[in-house]
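Here's the structure we're looking at; comments come further down.
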Amino acid sequence: MGAYARASGVCARGCLDSAGPWTMSRALRPPLPPLCFFLLLLAAAGARAGGYETCPTVQPNMLNVHLLPHTHDDVGWLKTVDQYFYGIKNDIQHAGVQYILDSVISALLADPTRRFIYVEIAFFSRWWHQQTNATQEVVRDLVRQGRLEFANGGWVMNDEAATHYGAIVDQMTLGLRFLEDTFGNDGRPRVAWHIDPFGHSREQASLFAQMGFDGFFFGRLDYQDKWVRMQKLEMEQVWRASTSLKPPTADLFTGVLPNGYNPPRNLCWDVLCVDQPLVEDPRSPEYNAKELVDYFLNVATAQGRYYRTNHTVMTMGSDFQYENANMWFKNLDKLIRLVNAQQAKGSSVHVLYSTPACYLWELNKANLTWSVKHDDFFPYADGPHQFWTGYFSSRPALKRYERLSYNFLQVCNQLEALVGLAANVGPYGSGDSAPLNEAMAVLQHHDAVSGTSRQHVANDYARQLAAGWGPCEVLLSNALARLRGFKDHFTFCQQLNISICPLSQTAARFQVIVYNPLGRKVNWMVRLPVSEGVFVVKDPNGRTVPSDVVIFPSSDSQAHPPELLFSASLPALGFSTYSVAQVPRWKPQARAPQPIPRRSWSPALTIENEHIRATFDPDTGLLMEIMNMNQQLLLPVRQTFFWYNASIGDNESDQASGAYIFRPNQQKPLPVSRWAQIHLVKTPLVQEVHQNFSAWCSQVVRLYPGQRHLELEWSVGPIPVGDTWGKEVISRFDTPLETKGRFYTDSNGREILERRRDYRPTWKLNQTEPVAGNYYPVNTRIYITDGNMQLTVLTDRSQGGSSLRDGSLELMVHRRLLKDDGRGVSEPLMENGSGAWVRGRHLVLLDTAQAAAAGHRLLAEQEVLAPQVVLAPGGGAAYNLGAPPRTQFSGLRRDLPPSVHLLTLASWGPEMVLLRLEHQFAVGEDSGRNLSAPVTLNLRDLFSTFTITRLQETTLVANQLREAASRLKWTTNTGPTPHQTPYQLDPANITLEPMEIRTFLASVQWKEVDG
């Protein structure tokens, strides 16, 4: 997403072998020399030393201005990924990434002093595979010389608010692996580079540090925060990004770029800009060299005052710039020469081509003591009424599809690793996890899962995910056939959330295979739409298990099919097969819902199991009380739906609510309804209260046996806007808890941060938007507590949330807006015009503050990696001859401890797998069960289908061996950091500290799958 650059029409292409000369797209453009011409002119390539040895020379007693030529190439925004790459639909935005890379390489070859940085590997890898071998060698030399430098190196520049940490790690691993495979250590980025995301999370910084980055630069931060930092000279500092990991494990040097990511005003020399080129001929009436040089010196000097060293940076580029790189570099060449010539006249400014890594290297050599930051950079505002907190909730359906796809990708990865080649080549065809892996990586882009692209681009993101599911379904089918010992016609019912599954709805008998991707046993309630009748369900051992067929009320005009319910017991990292058969009877035994009339004299309505009771107000139909019966905790809780009237920019500010910006017209939201029509469903397997608030808003409050949480399944949409009011819909929980203005949210699904209403930890806040300015990203959970009781709400996707008054907690579930917010999309968030109907769920936990983490940590793990249901008609042919059919399987020989999460199990190549194990509790989170204590594992015989023959530990993204990895060291004002303990690796003795993730590459030998 761009700050300034908007486009109109450029096209260029270079020679490939004998493909011909460069073609001109504009009559006045000078011809760019073809790449093949430079093959004879390359300087002899010397081996690039690991790190910073190729950086340019600076002047120690001058202000060194590091020019950073770069382009920011959104992986989808106003155009789709393919449209951006190929330069299609330039009437929407002029941008063609393939031409940018062609042009940059030619321009770099024209002058050995020039440098350039590139970021988005989704684009670069595509361009790379279209090049000749000769061009690839040219590029390798440029990388080796440090003149083409990769920053960040992920598949995309991911969003930091709406992304789950597991998906962040995956997309960074994908991009960095491409660089490692293509360029070796020469291509490894030293610097993380997030110049456009709209706020920055603490967990993102922690992950970057664990990935091995030396530093981190970003462009956007709150306008009040930036002003304070400039005055205090804290535009650069060390970010201590974890309260559990021992420093400097999660410490990351962090710098705020002075101009966002754009050039200084009047110094943009791209075809997309209108600034005047530098004219140095004094005979020309357009001569401006002296004026521009003086202007540059003033800008550099003024900018340097806000930074602590004699070094400062200028980002020379912006959105999709450098399609005519010669235009940029020709003017920069002149600028460098003319500015440095002023040194003979007493100037103390030295300007040079540089890179983020080389700038960071100079800061490190300055050997200063730096301040430390402990919180994060949310929420972000670029003006008094312009809080970028709307995108936390924009496009909720796409956000959910992304989270479901992450779940499915992990299942796909795990079975590929457990089965080996038989998963890729089998009776169902060629299975492949790569398409979904790449699609998921694209979805992490800061205009994708954020919901801030145009509608046709959001549709294309969904298309990419759907295309990735297909090859993974083939892979799963091959793997299940191999592990079960026979093949069948497997069916993946992707619309179970709306009770659609043709096989279960038409077949008199079928099989249900349920795969559990967690490293511990799970009991899971299976719900399948069926025809009316009675069904018998049998477990893997042929024993009948309790089941129910329930008819549910419908909140719309469409009939809701009956649903079959049964509880499946699932082994760790494995599956169980259940057989379902319809039993003919004269009278169906389906249980129908009971409508509950609204009578003031009616007794309170309750649903309960052995752990929890929920009570509903008979007058309003609303939830009014939750009781934890194990702890004897009783909390009045009133939950219902409200909506904020979205600003259209017609009051004290012209800022409207839009895809990015949340700005309600008033602080007090309006109720969707003050009461709900309710129906009650009670069976031995489920108890539900169905609440209908309006034609477009309903909810089911649900309890299963043994469940320690309350499930609230909400359905919202299409949001009506016929009254010309845009609406931003929230689910709000009101309690009497005395929370003292504090509430707590997760950071990308991992560590928890305290939030305080109308407060920022590092500056005195002038709060100008009391609602939007208190919203924070909620990736998996939000909670409030009075120190004794804690109410926690878990989400099934990323949402915005807050506590706007003591004891209250709210989450934004959907938004539909009539105005654009002026941040570049130029399209209101209408969701296909008619609006989207969205279903989701919140999981509610009530516990003591001391015991709450044990509940929400394990439940959040299960919500993100839920079991995968696969159906088959049964009666398939034997496949793995010599092995008896198998109805149950576990990929582990023993369950992982509850505090350990199997974050990644994926194929890494022939006879090698990638393994990540994570301690999912923070220091001091759970004293009762000691779940925050270090845990030691034996990996030697942990897996059942393969033996680990060799184990190597790596950094988080598997591009450096841990024993060889080192990062730049920084001195902080908090004193020295502890010395790192000597590194040792014993596969039989792997210890995980709280919040630690350990990553391994394991050489494996697969075993014959038998019974």
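From the backbone N, Cα and C atoms, a Cβ is placed for every residue, glycine too.
Per Swiss-Prot, the feature active site, nucleophile maps to D196. DSSP assigns D196 (active site, nucleophile) to coil in the three-state reduction, outside any helix or strand.
A sphere of 10 angstroms centred on the C-beta of D74 (Zn(2+) binding site) encloses 29 other C-beta atoms. Taken from Swiss-Prot, the feature Zn(2+) binding site applies to H72, D74, D196, H446.
The disulfide bond annotation in Swiss-Prot covers C55-C358 (among others). Cβ neighbour count for C358 (disulfide bond): 24 (other Cβ atoms within 10 Å of its Cβ, all protein chains included). In three-state terms derived from DSSP, C358 (disulfide bond) belongs to a helical segment.
What Swiss-Prot lists as disulfide bond is C268-C273 (among others), and the listing cites similarity to another entry. A sphere of 10 angstroms centred on the C-beta of C268 (disulfide bond) encloses 20 other C-beta atoms. Classification of C268 (disulfide bond) by DSSP places it in coil, neither helical nor stranded.
Non-local neighbourhood of C472 (disulfide bond): F408, L409, V411, C412, G431, D432, S433, P435, L436, each in the same chain, at least six residues away, with C-beta under 8 Å from its C-beta. Per Swiss-Prot, disulfide bond is recorded for C412-C472 (among others), and the stated evidence type is similarity to another entry.
The number of other Cβ atoms within 10 Å of the Cβ belonging to C493 (disulfide bond), over all protein chains shown, comes to 18. DSSP classifies C493 (disulfide bond) as coil under the three-state reduction. Swiss-Prot lists C493-C501 (among others) with the feature disulfide bond.
Annotated N-linked glycosylation site per Swiss-Prot: N133 (among others), in sequence order, evidence recorded as sequence analysis. Taking the Cβ of N133 (N-linked glycosylation site) as reference, no residue of its chain lies under 8 Å away while being at least six apart in sequence. DSSP assigns N133 (N-linked glycosylation site) to a helix in the three-state reduction.
Note on N310 (N-linked glycosylation site): other Cβ atoms within 10 Å of its Cβ, all shown chains, come to 17. Residues or ranges marked as N-linked glycosylation site in Swiss-Prot: N310 (among others).
For the recorded site, N367 (N-linked glycosylation site), the DSSP three-state label reads coil. The Cβ neighbour count for N367 (N-linked glycosylation site), using a 10 Å radius and every protein chain shown, is 10. Here Swiss-Prot flags N367 (among others) as N-linked glycosylation site.
Taken from Swiss-Prot, the feature N-linked glycosylation site covers N497 (among others). A 10 Å cutoff on Cβ-Cβ distances gives N497 (N-linked glycosylation site) a total of 15 other Cβ atoms nearby, all chains included.
The feature N-linked glycosylation site is assigned by Swiss-Prot to N645 (among others). Contacts of N645 (N-linked glycosylation site) defined by a Cβ separation under 8 A and a same-chain sequence distance of 6+ are given as P664, N665, Q666, L670, W725, G726, K727, in order along the sequence.
If you look up Swiss-Prot, you'll see N651 (among others) marked as N-linked glycosylation site. In the three-state DSSP scheme, N651 (N-linked glycosylation site) falls into the coil class. A C-beta separation below 8 Å, combined with a sequence spacing of at least six in one chain, links N651 (N-linked glycosylation site) to N665.
The N-linked glycosylation site annotation in Swiss-Prot covers N692 (among others).
Every protein chain considered, the tally of other Cβ atoms within 10 Å of the Cβ of N766 (N-linked glycosylation site) stands at 10. The N-linked glycosylation site annotation in Swiss-Prot covers N766 (among others), and the record cites experimental evidence as its basis.
Sequence-distant neighbours of N832 (N-linked glycosylation site) (same chain, six or more apart, CB under 8 Å from its CB) are Q455, listed in sequence order. Taken from Swiss-Prot, the feature N-linked glycosylation site applies to N832 (among others).
Taken from Swiss-Prot, the feature N-linked glycosylation site applies to N930 (among others), supported by experimental evidence. DSSP assigns N930 (N-linked glycosylation site) to coil, not to a helix or a strand. Taking Cβ-Cβ distances under 8 Å and a sequence separation of 6 or more, N930 (N-linked glycosylation site) has no neighbours in its chain.
The shortest Cα-Cα distance from C55 (disulfide bond) to any of the recorded positions (C273, C501, N766) is found for C273.
Neighbour counts were taken at the CB atom with a 10 A radius for the binding-site residues H72, H446; the maximum falls on H446.
Ranking the disulfide-bonded residues C55, C501 by how many Cβ atoms sit within 10 Å of each one's Cβ puts C501 at the top. Calculated from their C-alpha atoms, the gap between C493 (disulfide bond) and N692 (N-linked glycosylation site) amounts to 27 Å.
Working note on the disulfide-bonded residues C273, C412: by count of other C-beta atoms within 10 Å of each C-beta, C412 ranks first. Note on proximity: among N367, N497, C501, N989, the recorded positions of the record, the Cα nearest D196 (active site, nucleophile) is that of N367.
For N497 (N-linked glycosylation site) paired with H446 (Zn(2+) binding site), the C-alpha to C-alpha distance reads 27 Å.
Taking CA atoms as the reference points, C358 (disulfide bond) and H72 (Zn(2+) binding site) are 19 Å apart.
With all protein chains in the displayed structure included, the most crowded Cβ environment within 10 Å among the glycosylation sites N692, N989 is that of N692.
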